[in-house]
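Worksheet: the structure to be examined is printed underneath.
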Amino acid sequence: MTIRIRGLATGGLLTGALLATTSLASAETLTIATVNNGDMIRMQKLTDDFTAKNPGIELEWVTLEENVLRQRVTTDIATKGGQYDVMTIGTYEVPIWAKLGWLHELSMPADYDVDDLLPSIRDGLTADGKLYAAPFYGESSMVMYRTDLFEAAGLDMPDAPTWDFVADAARKLTDKDNELYGICLRGKAGWGENMAFLSAAANSFGAKWFDMDWNAQFDSPEWNETLTFYVNLMNDAGPPGASSNGFNENLALFQTGKCAMWIDATVAASFVSNPDDSQVADSVGFALAPDNGLGKRGNWLWAWTLGIPASSEKVEAAEKFIAWATSKAYLELVAENEGWANVPPGTRTSLYENPKYQEAAPFAAMTLSSIQAADPKNPTVDEVPYVGVQFVAIPEFQGIGTAVGQQFSAALAGQITVEQALANAQTLTEREMKRAGY
Amino acid sequence: MATLHTKAAARAMMSPAVILLLIWMAVPLAMTLYFSFLRYNLLMPGMEEYTGFLNYEFFLTDPAFPIALANTLMLVGGVLLITVVGGVFLAILLDQPFWGQGIVRLLAIAPFFVMPTVSALVWKNMLMHPVNGLFAWIARSFGAEPVDWLSSMPLFSIIIIVAWAWLPFATLIILTALQSLDSDQKEAAEMDGAGPVSIFLHITLPHLARALTVVILIETIFLLSVFAEILVTTSGGPGNASTNIAYLIYTQALLQFDVGTASAGGVVAVILANIVAIFLIRMIGKNLET
Amino acid sequence: MSRTATPQRKALFTLIGWTIGLVLFFPILWTILTSFKTEVEAVTTPPTFFFFDWTFENYLAVQERSNYFLHAMNSVIISVGSTALGLLIAVPAAWAMAFSPTKRTKDILMWMLSTKMLPPVGVLVPIYLIARDWGVLDTRIALVVVLMMINLPIIVWMLYTYFKEIPGDILEAARMDGASLRQEIVSVLAPMAVPGIASTLLLNIILAWNEAFWTLNLTAAKAAPLTAFIASYSSPEGLFWAKLSAASTMAIAPILVMGWFSQKQLVRGLTFGAVK
């Protein structure tokens, strides 16, 4: 059954006359919806290179904050609104949308070199051997720490630390009177906020979202261990107000020298080591996300990708654009204009083999190892029915993840106990899953 | 006095507004009602089917619902209290002659022009943040422990942010009313030896009754659907501590894309809003009679 | 004359008045100051007030990145357009309600106000589907109509209360003199109604300017106003305080300046019939 409002269509005639101008717009204008992260802003600046090489195609940008963008493009693609020709979407959306037939299968030119794309990222964008979106940049998470503080305290950060070491060091380095906090972690509720960190961390503790029969697992001892560890650590060694801190708040804290350690997205590495933005730029070290001796690390995997909605009528032009924006040549173009350190990371093997990049980006090796350490198809210690490291690639997850995130955020704020938070999370997940028909 | 001719003319003049609003109200409401009885999720196309009252049941039995209901009322009540009391105080102050009165008035009404998203971002990150915020800095300068506004008292913090934006509105209306107050009456009372407090209680306040009614009614309409401030600052948390009905519907409509449940929530919200409206009109509506 | 202030009294009120005025204005002042700082300085504690390296780089960056004038122009067209259209429909309606009231007038008014209570997010999908089927997604006309609709009840009500204060005797007298309906409106009513209409206009421009739900959800590239411009500067991933402050300052500056210049007009008609 399709839901359409034909009765009202006649009324559209009235407004139709007023719209003559918009419908006359050139057939080769691509409308591109994208996120306002730094790498995309650079892409927007380099538009001229594309239009010079492809006369007859004009680009129109819609740049929005991540959450607003997601809500806009999802509404549009689900209702077949057809407002966009190229959409920037995450690795969470791609498998779901591809399955629904909402995305156009991409056919890239021969010189594109699909095999150069990092396998762990490419896997998440492929269904039945067909590529549905091309990665623009990829990220994992890792530990960023202050080498000066570690040295002063006589601590030595290993390349692959354990949670116990991190917790220990965090407690030792905390000096609340001088506004120095041992560790800064996300606490703001949201499936892409605190739950990104906590789901990934939970994997390393052996916890999981669902068992093979899609039963929620928040009543498991592993989740209890994860959340207890997190809440205790943050109470002892975290900054005040942690329950409303997201990426930005922690970035601000770390850059102003208030955190000894911060576990977050690998893209942060280029911010914290940039002397223009960061007061601690010359004393930042990097390490893999911690593990708990169970064979899985607590790091996530994410990529922003470019896809074409099935409703687009300008597929050919859109493909040309995507091939341009995710090509090797584009990386070189950015390097030429903005330096190698600002090249969109985490998508191509050849980039990490490039000596110029390795030199310009001290965090390159650690970023690559982090990305390779994540396996979206086998995210946790046990076998699970879902794909995704820090998310579960089912349509219901955004809502459930955010609601669970609110409970965990309340536990961090001390409003409820860890046990209560887990019990609430269990009940609400069961409720939503039952409704969704699992 | 109204002749048949003017009556017909009056009807003709009113009809565009009434008809348009009827359509504006009826069409989306009818569609919302229709959707509310469907199992309809944008992310699961092709599975739409009639489900009876299941969406309503799901929305109303959500453990967050009673909390959201209470929060909605507290938010409206709290902001009204601050803006009405603060507005009366500020209006009286601005009515006194002092140096630079015109400039101070401009400064005081400025918050009304700021977009909700902008004001929420500024308050959250530059003022209320427990580490980098200005309030924390002030607290530490006095040797006090900085208050963690958005985690320890989320709803109160949001009330402050929203009240800041609406205080100028209340002040302006009350000030206008105040300036129409007959000063002869006040002077006569002063002659009789009445103190400032009793003048305020017996002359000023009754005079302001209508203005206050207007402030309460208009603000209530807007405050029932406060949303941007919550999304930007606390995302309804921690837990559900700052979730109101509008935000709860948002989580259904735009996080879950569950149009069915969101529509049911919308219908529930309309019913609730109308209950509040009827209650308000009963309580204070007589002040609006001319 | 007890109202004549003594100098001490005046000084006291000056002090209190300025303190409160500055406190209320402070968040905005702080945003403006931050817009002239570098990104690092914007998050420094202890905060710097006036003594920092003033820089215009944020404004340049914003200018380079987005088409501010397109967004500002859209905001102007949408807020002025929706208000003008709203007045066109509301003036006759309010006039009729004020001068030829029936038993149901009050009920109609209250019903109109109640239409404002439908939570926008609950009807997003229906409205989006209608807009798609009419092909008006991402057009200014769609926003003009939608914002006109959501503000129409307020416009009607404001005008109604204002018109009600125009003494009926004057109309009566004009009618006695044999004035036609048209003359009645043009030469008697219009001059008296102008202040009320003006302040209604101003208030609604402000409300439409700041509307951030429909303007974000029904637009993409062509019709996006300043609310969308702001949404491209706040971000969950990336530090941006100084730039966001610059963008915010640019977004609120036009409406703030307009509000300040027209303050007297705004206040005069903001009575909602509250003055009696």
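Quick reminder: no glycine exception, Cβ is built from N, Cα and C everywhere.
Predicted automatically and left uncurated, TrEMBL annotations should be read as such.
Annotation source TrEMBL lists transmembrane segment at C:12-33 (among others). Same-chain neighbours of the transmembrane segment (C:12-33): 5, 49-50, 245, 248-249, 252, 256, counting only residues six or more beyond its ends whose CB sits under 8 Å from a CB of the stretch.
Feature annotation from TrEMBL assigns domain 'ABC transmembrane type-1' to C:72-262.
Annotation source TrEMBL lists transmembrane segment at C:76-96 (among others). If you look at the transmembrane segment (C:76-96), the same-chain residues 6 or more away from its ends with a CB under 8 A from one of its CBs are 140, 143-148, 151-152, 155-157, 159-160, 162-163, 185, 189, 193, 197, 200-201, 204-205, 208-209, 215, 223, 225, 254.
Per TrEMBL, the feature transmembrane segment maps to C:108-129 (among others).
The transmembrane segment annotation in TrEMBL covers C:141-163 (among others).
The annotation transmembrane segment is assigned in TrEMBL to C:184-209 (among others).
As annotated by TrEMBL, transmembrane segment applies to C:240-261 (among others).
Within its own chain, the transmembrane segment (C:108-129) has Cβ neighbours under 8 Å at 97, 137, 146, 150, 152-154, 156-157, 160, 213-214, 217-218, counting only residues six or more beyond its boundaries. Residues 77-79, 81-83, 85-87, 89-91, 93-95, 97-99, 109, 112-113, 115-116, 120, 127, 131, 134, 189, 193, 195-197, 199-200, 203-204, 207-208, 211, 214-215, 218-219, 223, 225, 269-274 of the same chain lie 6+ residues outside the transmembrane segment (C:141-163) yet bring a C-beta within less than 8 angstroms of a C-beta in it.
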